[in-house]
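According to TrEMBL:
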ACT_SITE  Lys11  active site
ACT_SITE  Asp137  active site
BINDING   Pro95, Val96, Gly97, Ala98, Gly99, Leu100, Ala101, Gly102, Gly103, Ser104, Thr105  ATP binding site
DOMAIN    66-145  domain 'GHMP kinase N-terminal'
DOMAIN    212-274  domain 'GHMP kinase C-terminal'
Amino acid sequence: MNSITIEAPAKINLTLDIKGKRDDGYHELETVMHQIDLLDYIKIEKTNENISIQSENTQIPNNEENLAYKAAELFFQKNGIKRKGVNIFIQKNIPVGAGLAGGSTNAAGVLKGLNQLYAVNLDQKSLLKLGEYIGSDVPFCIMGGTALAKGRGEVLTPINTQKLTILLVKPKYQLSTAEIYKNFAIDKVEENPNNGAFLEAWNNNDIINITSNIANVLESVSIAKYPEIANIKNKLKNLGALNAIMSGSGPTVFGIFNDRKRALNAHNYFKEQYQEVFLVSSYIKR
């Protein structure tokens, strides 16, 4: 086998809580992550040259700054593979700098793809460990589905996946994850997500209480910089979303609907104002 193509799903944070600052400089998280069927496609080809990144999307770096490049470099290094030539083609559908783990899911896709392409056959635990070296969201993107993540995101407890109808709206700007976390002040959080109540509702497939318990403590930081995020949230709810929050460090906002017709109407409304609007469902692992 000389090439392989991997699906790389986006993720949203159904809840995101920050418990404090860690000694290593990262924040202690408690978040429910959920994959959606907004997909990048990663085609990996063996070559005799070096690692190369190619994409029609000019917003992503095509060098060692790209997490997909870092993933390939790390995979070869840790597994003692001398022939390091590989072309990585990224068909980019996930918005860049959106709080949807676009870079992390690309890195996860490269790790999984190289594992198959070179028949290294690492188990999931070993792949997750590699993912930790690259970024906080990469282990979840390797595991996939839905999970409660703790630590800096690497301590994962998988939970069953519910099928949700989700509308994503991304404003035209990008937000820096590092900047949002830097400006976060734990003493200014007015209300933390109740992950216990969320998980109970999730396990009972109780869509009303699921949506009433989605929350993100980073919203206040991002909204202080871009009040438009709050306007999108409110408009999603006015158009029929059971609830709406920002994903990750933003700026993407998502609403959860229990009526697809309302979701489609909301999609059409936002599409008149924003370029990056996506009506999606939960990603079911194949």
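If you go along the chain as it appears here, the first residue is 1 and each next one adds 1.
Cβ atoms are placed via backbone N, Cα and C, with glycine included.
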Secondary structure tally of the domain 'GHMP kinase N-terminal' (66-145) (DSSP, helix then strand then coil): 45 helix, 6 strand, 29 coil
Fewest other C-beta atoms within 10 angstroms, as judged across Pro95, Gly97, Gly103, which are the binding-site residues: Gly97
Which same-chain residues, if any, lie at least 6 apart from Lys11 (active site) yet have Cβ under 8 Å of it: Met33, His34, Gln35, Ile36, Leu100, Ala101, Ser104, Thr105, Asp137, Phe140, Cys141, Ser247
Residues satisfying Cβ distance under 8 Å from Gly99 (ATP binding site), sequence separation of at least 6: Asn13, Leu175, Thr177, Met246, Ser247, Gly248, Ser249, Gly250, Pro251, Thr252
Cβ within 8 Å of the mean position of the Cβ atoms of Pro95, Val96, Gly97, Ala98, Gly99, Leu100, Ala101, Gly102, Gly103, Ser104, Thr105: remaining residues of the chain near ATP: Ala10, Ile94, Gly248
